[in-house]
Ligand code: GLN
């Protein structure tokens, strides 16, 4: 199994390290053609406006949309969540617009720019220590979006079919369980490919 991490800006190397720690192949994606080599794609945290600009500049917009259409799993962490959202709170714009969620950027306010919290995550047995850095949250979601975790009643992790998002940075801890959730989605996708 090969997992790609969009390598235009942000916390790319940290994801690659976690992927490798699971014994999988992690590929830094710098060219749209590389998307054909991978089974799942991670859109990392960073600065969503910058990553979005680079996505357009390097011709990634349509290839990523095509990747999503083929039902290959995509995981957006933090800025990656902002990129996947169909709607951004208080803005007319959206970026890739693939997931039926409305996301509020920098949603936890200034004094809570950066913090850690122990969260109960659906599909993970014991609490998961989540690192939030100028994090967004899901302000609203349509019913077919599955809520995986909340913090102070705000949605901070969710799944819609082959799309997974987290407000926090699972790659910044030594705990690979959230990444394993994504890997299980990629495994599901590969099994379905074999059956169909
Ligand atoms: N606040 C950032 C943005 O909206 C995301 C922060 C992050 O990825 N840690 O781009």
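Cβ atoms here come from the backbone N, Cα and C positions, even for glycine.
TrEMBL: automatically predicted annotations, no manual curation.
The Cβ of residue 78 (active site, nucleophile) lies under 8 Å from the Cβ of 44, 45, 46, 133, 135, 136, 166, 167, 168, 169, each of these being in the same chain and 6 or more residues away along the sequence. The active site, nucleophile feature in TrEMBL is assigned to 78.
Note on residue 169 (active site, charge relay system): other Cβ atoms within 10 Å of its Cβ, all shown chains, come to 23. The annotation active site, charge relay system is assigned in TrEMBL to 169 (among others).
According to DSSP, residue 171 (active site, charge relay system) sits within a helical segment. Residues annotated as active site, charge relay system in TrEMBL: 171 (among others).
According to its DSSP assignment, residue 46 (L-glutamine binding site) is coil. Annotated L-glutamine binding site per TrEMBL: 46, 47, 48, 105, 133, 134, in sequence order.
Checking the recorded positions 46, 48, 78, 133, 134, 171 for a CB within less than 6 Å of any atom of ligand 1 leaves 46, 48, 78, 133, 134, listed in sequence order. Long-range Cβ proximity for residue 47 (L-glutamine binding site), meaning a same-chain Cβ under 8 A and a gap of 6 or more residues, is found for 9, 10, 79. If you take the Cα of residue 134 (L-glutamine binding site) and the Cα of residue 171 (active site, charge relay system), they are about 16 angstrom apart, rounded to a whole number.
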